[in-house]
Ligand code: NDP
Ligand code: 2IT
């Protein structure tokens with residue numbers, strides 16, 4: 001797919017971007033999600049390169065596209081029956097110009113190098129937007145935790161960290177959670193790191209338990225932050241969340257705390273989903289029940305529907321976007337909201353879409369939403385609250401301090417407003433008022449590019 005520049009720029013500038021994209025396609029064939037993430041960023045950068053020829057001369061785009069380091073390793077482990085499994089582990093240390101590499105670990109059977117690179121690439125700009133001094137990285141494994149016992153997950157995590165420990169550290173690379181990696185996995189990973197290295201190095205992982213170096217409000221941060229970002233987009237349009245009908249996809253960490261904050265702000269959230277289907281709850285999602293099903297029982301959304309009674313119905317397969325909503329908050333996985341879903345959301349009168357997940361909206365869907373003047377918050381801005389509070393966790397660890405929930409939540413709110421305003425004002429400066437995709441890509445890129453320029457040929 002050729003680049004379709006979002007903003008006008010001279011042909012020679014667009015040629016630089018087109019050549020960079022072609023090089024990625026040639027050198028990294030078969031990495032569809034990575035190509036998609038690169039495509040989306042490059043489409044925004046024309047006017048920046050035109051205004052600042054020094055960036056093109058220094059081959060900043062070409063350099064940013066190339067990860068600083070890519071690590072792949074074998075993860076052997078034994079299941080409860082003694083059978084041996086061999087998974088693949090990844091860590092892509094993408095860009096360290098602004099601080100230690102920072103980004104989550106994803107455990108899901110679909111994980112491959114292209115997925116980790118797309119996530120790591122997005123993370124560079126997301127982390128830059130937080131302004132908190134963190135570089136971009138991502139990792140994970142094709143291990144599937146679904147249906148595995150705690151002991152099996154522990155053995156897997158121990159094997160994974162036995163290799164990963166030689167590459168990470170509080171001043172080097174700081175992983176955290178993502179799909180399939182939550183409090184349980186972070187605990188096992190931290191335990192093995194400490195055992196192998198004999199170091200109490202709290203800042204080497206974030207999302208830790210509150211008893212051993214975790215931050216208040218980290219569990220809530222991504223979902224809360226996405227709703228805060230959505231509230232800011234609505235505020236610009238003279239609206240708020242009170243009384244709005246909201247659909248959320250997913251039912252994991254991001255989805256649950258998206259629902260919690262949306263409900264606190266008066267919204268009526270009526271859906272959740274997982275890979276088996278979705279639930280519509282006409283009375284609004286019962287969050288205590290959902291948390292119990294997901295966080296305590298590790299159950300499915302169909303179990304929620306069974307326990308909830310008459311107000312909730314489970315739809316096997318299908319997509320949550322068929323349900324009419326004022327606001328849609330995709331919070332499961334990449335490319336879960338496609339062009340036909342976007343067109344239906346528009347027909348049903350959606351006002352705002354904000355990405356809790358990473359790249360959940362396909363490029364065609366983004367265009368349909370933006371052309372219909374739907375406020376659209378791209379993930380690298382809207383879901384940055386998680387990694388922002390991770391950076392606050394690192395600060396607390398460095399100071400051996402523990403801040404209160406309300407302090408962290410207030411800081412999160414300030415950060416999300418600042419990210420919103422940065423994206424809004426950057427887009428406005430480049431003649432694309434209201435286009436948060438352009439604003440996020442340009443503002444994130446400029447920060448990383450300036451740091452790289454200052455640090456010489458790195
Ligand atoms: P969880 O593992 O807690 O939950 C993931 C949810 O998404 C589950 O409901 C899962 O359903 C569903 N899901 C995952 N993969 C698929 C798939 N291929 N098809 C359909 N449903 C799927 O992960 P998180 O909530 O942490 O992450 C959700 C999204 O948010 C991801 O895109 C992640 O990258 C992004 N994100 C997470 C942050 C964090 O701090 N955790 C920060 C910023 C972004 P099932 O159980 O059936 O697989
Ligand atoms: O996609 C993301 O921003 C995350 N999974 C959180 C990363 C982090 O380091 O907290």
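Including glycine, each Cβ sits where the backbone N, Cα and C put it.
Note that this is a predicted model, so its numbers are computed, not measured.
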Please state which member of 102, 208 TrEMBL lists alongside 123, 126, 177, 390 for binding substrate.
102
Based on a Cβ-to-ligand 2 distance below 6 Å, what subset of the recorded positions 102, 138, 178, 222, 253 would you report?
102, 178
Out of the recorded positions 138, 178, 222, 253, give me the one sitting nearest to residue 390 (substrate binding site) by CA distance.
222
Between residue 138 (active site, proton donor) and residue 102 (substrate binding site), what is the CA-CA distance rounded to a whole number of Å?
7
Which of the three DSSP-derived classes (helix, strand, coil) applies to residue 177 (substrate binding site)?
coil
Out of 178, 222, 253, the recorded positions in the record, which is closest to residue 126 (substrate binding site) when you go by Cα distance?
222
